[in-house]
Each structure stands twice: as structure tokens, then as C-alpha cells.
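*Asks:* Below is a structure I'd like to ask you about.
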Amino acid sequence: MRILTGVQPSGKLHLGNYFSVIRKLVDYQNRSDLFCFVADLHALTSFSNRENQSNNTFDAVCDFLALGIDPDKCTFWVQSDLPEVTELSWYLSMSITVSQLQLAHSFKDKVAKGINPSGGLFIYPVLMAADILAFNSDKVPVGKDQKQHLEYARDIAEKFNAQYGETFKLPEPEIDEETAIVPGVDGAKMSKSYGNTINFFDDEKKLKKSVMGIVTDSAGIDDAKDPDKSIIYSIHSLFLDAKSRQQLREKFTTPGTGYGDLKKNLLNDILEYFAPQRKERERIANDPAYVIETMKKGAAKAKEVASHTLETVRDRLGIGIENRISSVRGAAGKNQ
Ligand code: ADP
Ligand code: TRP
């Protein structure tokens, strides 16, 4: 079973990214064929400057390694190090119409906000389809917001197969209902673009500020609190097993504990949970030579698979020197 996913390096990783996707990857690499990459080309759709683009990509690689992604157990690379995928995205763009792409939520949202979207944002789903189809992925773990992008990938694969002959497997999304939408400190979906994230690799001071900023109702220490309406509980429960969740629920429903203390408990659990990874992150970031070497090896490993797919696709389309030569020879043969 081949599992593939990508994460944009457009800022620090947050609990939404971690609990919906990243946590599972470490498990997958031990029991499946995991392909995982840093989607720096997709991040170009929100480019700010050269330094941020390259630093964010380096940081994302360090984050993944620190969180337990092991390049010996999976294939881990940076998207832009593999030009095969961008080439494939051009071929795939013939298998989708402009009117279909106009229906993409990510595109429509920008238009609704009055932003004049770039061509890159418009074809974002095609590049994502290429990411997935280049590696013949069976399953793609993502958050709920990516569901439509997976539908595009399937539609494109189906249409390509119908037009040019059976080539691609149809990938299945994997979306966990429990962690489909992790709330941010304001209760909306936790997202870099909403500025409501809790970034577990932030320094302790910043992390504390984020957790203490979680919005609550006005219940005081002496009031019972409803865990099911609390953002603190929704986030904290992600860290806990069934028994500890029950204990936390009791803390909410029994008067005597204020929101301040409930937030402090959450902060302590975040720090404790991520302590080994935070330490490892520091070590890795101080060894850029290792990070670069890992990226080079990862790209070479990914290339073996993607170039094989590309060969098949070029052959189906009659693209490339070898295919041109064989067609010309075929025609010459017929004329003799
Ligand atoms: P962001 O919305 O912060 O920009 P990304 O788009 O980089 O996050 O998301 C990376 C992965 O994490 C995607 O699979 C996405 O669906 C998932 N994800 C992001 N935010 C959340 C969230 N709040 N809850 C669940 N999954 C999320
Ligand atoms: N669009 C995804 C996101 O914003 C990132 C991504 C790019 C991706 N290519 C992918 C996810 C392929 C899964 C598979 O989160």
C-alpha cells in the first residue's frame, strides 16, 4: 500500500497539521510504503520573499525529521527538487477544463475576497494531482479542506485513462473524522492564514501566549463548565487517551478549576508531549549539512518512481525523442 502526502512550508507547523496528518505518517512509515514531501511549489502561491521561501522550506524539512520521519524508512523529499512532477502537471492539465477549475474552493474564496488570483493558484489542483499520480499513490491522508483537491486528482486520472489508455491508479483520500477540523484559539479552523494557530515548535514564551489566548466563555472558577463547548477541551482531548479525557471532563464539570488553570494544564501537556521532538529539532537545525544530504538522497529516491511514470505518460502522448524516433520508423516502415 503506497501512502503519499505533502505539506506546504508556508509557516510553522501547528496542532491541526500534526493531529490530522503528521502523527499518522510516523506510524505509516513502519508498516506501509510512505511517500512524503514538502510542497514548496504550492507555497509559491503565497510567496512573500526569497528568504522566507527558502527558510520555510528548510524549516519544514527539519520539522518533519524531528517529528520522526525517517528517510531510511520512507521516501521524503522537497517538491521542487523533482521537475518530473511539474512536467507531469502540464500533461495532466489537458485532462481538466477551465470550468471545472473555476469551481475550486481555494480559487473561489480568493475571488470572493476581491483578490485577482494568479494562474498558479488556478492550476494549483493540477499540480497537486501530479504530486499524487506521479507516484501511483493508493491513499492520501489529508485534512478535510483538501477533500476537493483529491476529487480533482481522481477526475484527472479517470479522464487521462479514458483519453490515452489505462495509466493511473485512482487515489483514495484518508480523512479522519475526529481530527478533520482541529479548532484554532478562536474556535475557527486552526490555520496559518487565520493567525489562530498553536505552533508546537515555538519557543515556550510564544507557545504560552498562544495557549493563554484561547477564547472562553465567561464561566468563573465556581461555575461548572461544558467541555463540549470548550476550545480548550477540544484541543486538549487530542493529547489524551479515553481515561484521561474522562478525568479532564470531570475537571470541567466540577466547579473549582478556572479556565486559566485549564489552559496551564494544556500548555504543560503540549510541552511534555513534544519535549523529545523539540530537542531533536534543535539538534537537526544545527546540522544543515545533514539536512541537505537527506534532501538530495530523498529526491533521488523519489525520482526513480516519478521518472518511470513520466516515461509511460510520454509514451502515451508521443512525447520525447525515443517516442518520436519509433513513430518515424513506424511510418517509414509502412511507406516501404
Ligand atoms: P494551513 O491551513 O494552516 O495553511 P496547510 O494547508 O499547510 O495548513 O495544511 C497541511 C495539512 O494539514 C493538510 O492536509 C490540511 O488539511 C491539514 N490541516 C491544516 N489545518 C488543519 C486543521 N485545523 N484541522 C485538521 N487538519 C488540518
Ligand atoms: N495542498 C496541500 C495543502 O495545502 C499540500 C499538498 C500539495 C498535498 N500536494 C499534495 C497534500 C499532494 C497531499 C497530496 O495542505
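Glycine residues also receive a Cβ, built from the backbone N, Cα and C atoms like all the rest.
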*Asks:* According to TrEMBL, motif ''HIGH' region' applies to one of these ranges: 9-17, 144-152, 279-287. Which one is it?
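*Replies:* TrEMBL lists motif ''HIGH' region' for residues 9-17.
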*Asks:* Tell me which range among 189-193, 204-208, 249-253, 314-318 TrEMBL lists as motif ''KMSKS' region'.
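*Replies:* The listed stretch tagged motif ''KMSKS' region' in TrEMBL is 189-193.
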*Asks:* Would you mind pulling the longest C-alpha to C-alpha span across Gln8, Pro9, Ser10, Gly16, Asn17, Gly143, Lys144, Asp145, Val182, Lys189, Met190, Ser191, Lys192, Ser193, which the record has binding ATP, in angstrom?
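*Replies:* Those residues reach a largest Cα separation of 19 Å.
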*Asks:* Hey, how far is Met190 (ATP binding site) from Asp131 (L-tryptophan binding site), Cα to Cα, in Å?
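*Replies:* Between the Cα atoms of Met190 (ATP binding site) and Asp131 (L-tryptophan binding site), the distance comes to 25 Å.
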*Asks:* Going by Cα-Cα distance, which of the binding-site residues (Gln8, Asn17, Lys192) sits nearest to Asp131 (L-tryptophan binding site)?
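*Replies:* Nearest in space to Asp131 (L-tryptophan binding site), counting only the binding-site residues, is Gln8.
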*Asks:* What's the number of neighbouring CB atoms sitting within 10 A of the CB on Asn17 (ATP binding site)?
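*Replies:* Its Cβ shell of radius 10 Å holds 24 other Cβ atoms.
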